[in-house]
Amino acid sequence: MKNLLDLEHKLNYYFNDRNLLKNALLHKSLGNERKEYKNQNNERLELLGDAVLDLIVAEYLYKNYKNASEGTIAKLKAMIVSEPILAKISRQIGVGKFLMLSRGEVMSGGRNRESILADSFEAILGAVYIDSNLDEARVFALSHIKQYIDHIEENEDILDFKSILQEYVQKEFRTVPTYELVAERGPDHMKEFEIQVIVGNYKEKAVAKNKKKAEQLSAKALCIKLGVKYHEAL
């Protein structure tokens, strides 16, 4: 297992009890391979970290999105604590190379598996909370997740821009967007699709490797042109 001090540097948190960090990195698969870890894994810390993260993010949204409704805050929170975002944070930190996994899990790509990385971040947060207190856990969590809250519009992997655009257009224009395939280019194994979205006299195009992605990107472009505020459109 790699030096945990290296991971602490990347986390920007230094444990009083480093065994908590070790436990947070212990995937249940290892117990199937090594008897000494049979009843040890990070699932309890993950459960705790999930609850702590929900509280921290809900509190941050409550304090910083003062005009947002309860429903909007709930939707924003669900997106922020989603698997893609938490896995992205773990990848940036480099958590994967520190995970304690079975050989089979390693061979099947476990160190980069989104679900394992997301769960591990929650487990680490749970470990920080137990090692210190809620205030320290809040500082730790927000130091890694605040950028995704404040720039949520940059995360196409969690925002459904087609739905956001449709709800906004129905409210403001009493109509719905239409999507057109403008062009299809390239050989079968490297196709690109150009999609145009139209709302009245407003149009935007985008190109992607599949139609669904191109529709999302064109919807995002039109949201930007129309000045849609994402947290108000949810």
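We number each residue from 1, going along the chain as drawn.
Cβ coordinates come from backbone N, Cα and C, glycine included.
The domain 'RNase III' annotation in TrEMBL covers 4-133. Sequence annotations record features per position, and here TrEMBL assigns Mg(2+) binding site to E46, D119, E122. Summarising the annotation, TrEMBL assigns active site to D50, E122. As annotated by TrEMBL, domain 'DRBM' applies to 160-228.
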**Study point:** Sorted by sequence, non-E46, D119, E122 residues with Cβ within 8 Å of centre, Mg(2+)
**Key:** N42, E43, L45, L47, G49, D50, A118, S120, F121, A123, G126
**Study point:** Between D50 (active site) and E122 (Mg(2+) binding site): CA-CA distance (Å)
**Key:** 5
Point to revise | Cβ neighbour count within 10 Å of E46 (Mg(2+) binding site) | key: 20
Study note, to complete from the structure: DSSP output for E46 (Mg(2+) binding site) maps to helix
Practice item. Could you break down the residues of the domain 'RNase III' (4-133) into DSSP helix, strand and coil, giving a count for each? Key: 97 helix, 2 strand, 31 coil
**Study point:** Mean of pLDDT values spanning the domain 'RNase III' (4-133)
**Key:** 92
Check your understanding: Which of D50, D119 has the fewest nearby Cβ atoms, counting only those within 10 Å, among these recorded positions?
Key -> D50
Revision key, fill the gap. Spacing of the two Cα atoms, D50 (active site) and D119 (Mg(2+) binding site), in whole angstrom, works out to 8
